[in-house]
Amino acid sequence: MAVRPTRRCLLALLLCFAWWAMAVVASKQGAGCPSRCLCFRTTVRCMHLLLEAVPAVAPQTSILDLRFNRIREIQPGAFRRLRSLNTLLLNNNQIKKIPNGAFEDLENLKYLYLYKNEIQSIDRQAFKGLASLEQLYLHFNQIETLDPESFQHLPKLERLFLHNNRITHLVPGTFSQLESMKRLRLDSNALHCDCEILWLADLLKTYAQSGNAQAAATCEYPRRIQGRSVATITPEELNCERPRITSEPQDADVTSGNTVYFTCRAEGNPKPEIIWLRNNNELSMKTDSRLNLLDDGTLMIQNTQEADEGVYQCMAKNVAGEAKTQEVTLRYLGSPARPTFVIQPQNTEVLVGESVTLECSATGHPLPQITWTRGDRTPLPIDPRVNITPSGGLYIQNVAQSDSGEYTCFASNSVDSIHATAFIIVQALPQFTVTPQSRVVIEGQTVDFQCAAKGHPQPVIAWTKGGSQLSVDRRHLVLSSGTLRISGVALHDQGQYECQAVNIIGSQKVVAHLTVQPRVTPVFASIPSDMTVEVGTNVQLPCSSQGEPEPAITWNKDGVQVTESGKFHISPEGFLTINDVGTADAGRYECVARNTIGYASVSMVLSVNVPDVSRNGDPYVATSIVEAIATVDRAINSTRTHLFDSRPRSPNDLLALFRYPRDPYTVGQARAGEIFERTLQLIQEHVQHGLMVDLNGTSYHYNDLVSPQYLSLIANLSGCTAHRRVNNCSDMCFHQKYRTHDGTCNNLQHPMWGASLTAFERLLKAVYENGFNTPRGINSQRQYNGHVLPMPRLVSTTLIGTEVITPDEQFTHMLMQWGQFLDHDLDSTVVALSQARFSDGQHCSSVCSNDPPCFSVMIPPNDPRVRSGARCMFFVRSSPVCGSGMTSLLMNSVYPREQINQLTSYIDASNVYGSTDHEARSIRDLASHRGLLRQGIVQRSGKPLLPFATGPPTECMRDENESPIPCFLAGDHRANEQLGLTSMHTLWFREHNRIAAELLKLNPHWDGDTVYHETRKIVGAEIQHITYRHWLPKILGEVGMKMLGEYRGYDPSVNAGIFNAFATAAFRFGHTLINPLLYRLDENFEPIPQGHVPLHKAFFSPFRIVNEGGIDPLLRGLFGVAGKMRIPSQLLNTELTERLFSMAHTVALDLAAINIQRGRDHGIPPYHDYRVYCNLSAAYTFEDLKNEIKSPVIREKLQRLYGSTLNIDLFPALMVEDLVPGSRLGPTLMCLLSTQFRRLRDGDRLWYENPGVFSPAQLTQLKQTSLARILCDNSDNITRVQQDVFRVAEFPHGYSSCEDIPRVDLRVWQDCCEDCRTRGQFNAFSYHFRGRRSLEFSYEDDKPTKRARWRKALSVKHGKHLSNATSATHEHLEGPATNDLKEFVLEMQKIITDLRKQINSLESRLSTTECVDDSGESHGGNTKWKKDPCTVCECKNGQITCFVEACQPAACPQPVKVEGACCPVCLKNTAEEKP
């Protein structure tokens, strides 16, 4: 019992000790951690606590986080003794001023965050003591001025952010002490760019040249250079004027204690700063109170002393330059004086063998002693020729060449020693350094004779021919280097040429001979002949030629030029080798020999025999196609699940969603092509395994893989055959007037030309490694012309990406935007449906392989993105056209792989209406029967936005933090790519509905289909007119428009299809016109409150239109802001190469690298082949490119990347070509674009200028179209625009009221007819009777000839009244030619025969009492029924008679068609619903 109390006592004692320990710990924590703050080790976080002052923290604190409080000021010493502090976060407070000593004792602070406060001023010594500071963030404050000494105490500062403040001016030298600077941001300030800011421009240029630092600063004022980078500003633009001296000082003698004045006045812009020099050293007025600089620049020296004696000079200096006065001397009269020069030696020229004297004398007390040395301070040689005169001069007799050089005169006494230097320039006889060589050239060429010489003085080069003066004409030119250039050499130019080097000493001469050979047109030395070969063999077609100059040999197959590839090889002499011949290679081959004199051609026919034998792959067909269907479908389904079941997770997902086809037919066609090619790949692998050979080697022939009958079987099972379209162009009433949505039947002879979902055309034959489907560069080790191809990403970072842009002084950003909008009317490549490789289903971005369909863009080892762990960028190949890549459309041969254009090639507003009937129906408002397009939400302006797309989560809902607004729905699925493009789609959707409503008012008898198609026709014509009359002339320039030529009418032999190189490389030049910022401007052309949008934030962001002001601010930012100038050294801004589709924690894409990779994927031949195609000179060395790419820096980069000119990819080469004056294109790019746009125009039967498409009155009105008018009519509230919105104009003087912009008068589309109630209805009772007349002959000028009218009258007389009972009709027969009687008689006989058949049919039907209508339904005699709401039919005596109800004019302005009613009615509440 005694033990228990003891235990209780012990227990109580332990409890007391525990409580005491806890109290001690708590007290220690309380002392170091402020109330309500979170403290962990040396980190203190006091966020969102409404603090108004800096709390006290422990001295060992390394991170102090005071964000999101209400701190208004920082007291000096607030952080005293926090010497361990490394990071200080004070952003998002209310600090207004940074006082001196605010950060005392923070010598180890590295990171200081002060952004998003209300800071207005910073004291001069505010950051003193921050010797370790590396990063300082002051952006988003209210700073207006900066003291130049504010940052001089920060030797280690690497990053300084000052953007989004109110800084207008910067004092020179503000950042000059920041030697460690790597990133400086001054953008989004109100910088006034005048002469005072040129020091900053020089600093930014220094940063850019060194490459060690990045900086951003843009001008806000004056308006004419608003948005320009400060680095691009020049003194000339700002009218800066160098100083000029207006009053000079004079020599002065003074005694001790007096005052002396040296006068100096200067003028300049800006006002020059006056600086005084004494003995070439700047005087400091601060260190000597006796020195004063007066307001007018005069130097006043008070209480003169002996130390003031010397040579004075005034220097006037400003940002544009400097000027100096003459030197004046201040002599101090008194005790011992230092030496001063009375006469200084001067530079002297002397002839060899003559004598020379350099004078030198000085004064001082005591009298100075004169001595001489050479310039390097070595004593003069002991030479009897060299003497010093009694006055101190240096005298040299019989001067030799070795006497040339620098000499120094020293004047010394007991007080001081001074010296002066001069040169003796010994003049010598000329000596040649470059001598001309004899040349043999061909008549008409240009020849250079190089000649250069040296001597003293520099000799002059003079040329003679045979001792006589050269002809005085433009052909003979002596360049400044001394080279003689003879242009267009003629036979009489042959002879001896003398180069003479002449100076005052004498002359030298050297001769060279010119031999001129006459020009000779190409003559064939060997020619090919018709040949028949077996499939799978290699064949060589001989062709060689002779001529002067030596001809170049090219080959064409069926009109398309052949290029070097795995399939074709052209030897140096011109022989064409075709590897692995298949039936696809059969055809006509033409060998063309060209030189500057002319050309010659010869052709042959190659026939290919296909022996009926089994092939190695036949046994594997069945199993391979089953496996191919399974693997392809599995990969596609996996991709669809990944993309459509959740939000986009990465830029890869965004790109895939953006490009993924939505039309079921497109998906089916792409799937079939993938299955077909995958099947043959599997067969190839089986054969390779069975034969144990390398099928990738050149010895294996693909045409031996599978026999033709099995290729047809694979085509059927894969779905290729099922997806062949059968075109029906029989409805000529429609096709003669309107376009189909898919582009078919435009060319009636070739209905598929230019249609959607067809293969791109080719200017040159495709280039694949294996000749069929393997891209160049897929094997990174394979050499081309002795060099491996560079990675596309390396080309992008080395050659294309740029952070510096130059504003276009002529054209607005709308020039770029129209180009992109137009491009989306012309082409869209169908990419692979799967993001995973077919072999094992792994995602392409994770495996970084080239297994189909993957073709990853590899990242070079030294790329900045390697740090994030990325090895590649996502990329999948484009889907092949069914039957290409492995087989022909006949499914019996191997054809090179071709790609699918998802759009119609014609300029037909397919981006507004869609390229298939399925797409067109999805965007039409079919319910209203008014011919309108569907509309979305209506804004405050009363105008609607585009409708929202429906379906699974889309690319527009990529970020949960942004507004969950889905994508807009338009005719092209890329409408949401960026906000500027979305605004253009909105404009044209509104334009359709505006025109449709107007046409329906003018023609209330038209049904919805008529209104829709007439409006679509007008909108397409407007886009054509804007493109060819307003946009193309600015892109092509005068030279390019001449290449395009005038419109001469429709040519059915021209294929208007888009050629592959245009879509894949050439028209992507527009990427170089894109600004990194989308500007948003209000009605006063000032930034809207939400600000501008960086490009990487403008992708897939429709919520910014819905929630942030609509389309008007974006449109003003397009036509009210200068575009990006296309400069070969400033191509794609880094928003496109480094932040494309960027998302958090992911690797963004690179548009330039994607463009290059896509070109290789599509088998686009190298740049050199297109040069030859465009009749530019062949370029076999990089020096040969100097005429088109003048920059030696760019040529050196190309050589470093590609090694050979024959390897250069087309896209980067087109981008770096120098612009043809007056255009925005280089010569090769101009050739390609003018070719494509000429084909688009001339090969379009329904081109708006083609006679008969529109009436003359309608065409006149259409030519009033302008994009300015479209903006005025369809924006929310834009009231002022330029007449030409593509050209830069100054607001408001260069802008016009919308009332002054010409408009299209739609009244010329009003029907003038007696039968209007049915004339405009597609499905009306009389459509088949009156259709063709109303479509073709609505206007007086369009009426046919007399005989044609008689034939039509006959057709009406005998055909119309019988067509109720017959199915045959003759309205579509072509009329006989006026002079062709035989043809006329034959046609009449045919009409009579058909009429007899109709009569017989009518008689048989009249014999019965029942009637059978057009749908095959029987009706009893004397019965009536409604065929449609407006038509009542009656069966009487076996004859059907129908009556159409006539509609009375409606009593309201906007009648509505109600389902089931014939005529439009007025709703009772129509007036009440009006706003």
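Cβ from N, Cα, C; glycine included.
The disulfide bond annotation in Swiss-Prot covers C33-C39 (among others). Under the three-state DSSP scheme, C33 (disulfide bond) falls in the coil class. The Cβ neighbour count for C33 (disulfide bond), using a 10 Å radius over every protein chain in view, is 18.
Per Swiss-Prot, the feature disulfide bond maps to C37-C46 (among others).
Per Swiss-Prot, the feature disulfide bond maps to C193-C240 (among others); the stated evidence is similarity to another entry. All protein chains considered, the CB of C193 (disulfide bond) has 24 other CB atoms within 10 Å.
C219 (disulfide bond) falls within neither a helix nor a strand when secondary structure is assigned with DSSP, and so counts as coil. As annotated by Swiss-Prot, disulfide bond applies to C195-C219 (among others).
All chains included, 26 other C-beta atoms sit within 10 angstroms of the C-beta of C409 (disulfide bond). Classification of C409 (disulfide bond) by DSSP places it within a strand. As annotated by Swiss-Prot, disulfide bond applies to C360-C409 (among others).
Of all the Cβ atoms in the protein chains shown, 26 others lie within 10 Å of the Cβ of C499 (disulfide bond). In the three-state DSSP assignment, the secondary structure recorded for C499 (disulfide bond) is strand. The annotation disulfide bond is assigned in Swiss-Prot to C451-C499 (among others) on the grounds of similarity to another entry.
Look at Swiss-Prot and you will find C720-C882 (among others) tagged as disulfide bond, backed by similarity to another entry.
In sequence order, N727, C729, H735, P751 constitute the residues six or more apart from C745 (disulfide bond) in its chain with CB-CB distances below 8 Å. Marked as disulfide bond by Swiss-Prot: C729-C745 (among others).
Residues or ranges marked as disulfide bond by Swiss-Prot: C844-C854 (among others). DSSP classifies C854 (disulfide bond) as strand under the three-state reduction. When Cβ atoms from all protein chains are considered, those within 10 Å of C854 (disulfide bond) total 26, not counting its own.
Taking a C-beta cut-off of under 8 Å and a sequence gap of six or more, C872 (disulfide bond) has these contacts in its own chain: S845, C848, S856, V857, M858, I859. Summarising the annotation, Swiss-Prot assigns disulfide bond to C848-C872 (among others).
Annotated disulfide bond per Swiss-Prot: C956-C967 (among others), in sequence order. The Cβ of C956 (disulfide bond) lies under 8 Å from the Cβ of I965, P966, C967, N976, F1100, S1101, P1102, F1103, each of which sits 6+ residues away along the same chain. According to its DSSP assignment, C956 (disulfide bond) is helical.
C1298 (disulfide bond) counts 17 other C-beta atoms within 10 Å of its own C-beta, drawing on all protein chains shown. Annotation note: C1298 (disulfide bond) sits in a helical segment as assigned by DSSP. The disulfide bond annotation in Swiss-Prot covers C1272-C1298 (among others) and is backed by similarity to another entry.
Sequence annotations record features per position, and here Swiss-Prot assigns domain 'Ig-like C2-type 1' to 243-329.
Under DSSP, N387 (N-linked glycosylation site) is assigned to a strand (E or B) in the three-state scheme. Swiss-Prot lists N387 (among others) with the feature N-linked glycosylation site, giving sequence analysis as the kind of evidence.
DSSP assigns N637 (N-linked glycosylation site) to a helix. The feature N-linked glycosylation site is assigned by Swiss-Prot to N637 (among others), with similarity to another entry given as support.
Positions annotated as N-linked glycosylation site by Swiss-Prot: N696 (among others).
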From disulfide-bonded residues C195, C219, C844, C854, the one whose Cα lies nearest C720 (disulfide bond): C854
Between C409 (disulfide bond) and C499 (disulfide bond), the C-alpha gap once rounded to whole angstrom: 42
Secondary-structure category, per DSSP, in which C39 (disulfide bond) falls: strand
Three-state secondary structure, C844 (disulfide bond) (per DSSP): helix
Candidate nearest C33 (disulfide bond) in space, where candidates are the recorded positions C193, N387, C451, N728 and distance is Cα-Cα: C193
Distance, C46 (disulfide bond) to C39 (disulfide bond) (CA atoms, angstrom): 9
Sparsest-packed among the disulfide-bonded residues, when each Cβ's other Cβ atoms within 10 Å are tallied, from C37, C360, C451: C37
Where C872 (disulfide bond) falls in three-state DSSP terms: strand
Inter-residue C-alpha distance, N1277 (N-linked glycosylation site) and N716 (N-linked glycosylation site) (nearest angstrom): 56
Predicted model, mean pLDDT over the repeat 'LRR 9' (1267-1288): 96
Among C46, C720, C848, the one of these disulfide-bonded residues whose Cβ has the fewest neighbouring Cβ atoms within 10 Å: C848
Cβ atoms near N1277 (N-linked glycosylation site) (within 10 Å, other residues, all chains): 11
Secondary structure tally of the domain 'Ig-like C2-type 1' (243-329) (DSSP, helix then strand then coil): 3 helix, 45 strand, 39 coil
Distance, C195 (disulfide bond) to N637 (N-linked glycosylation site) (CA atoms, angstrom): 63
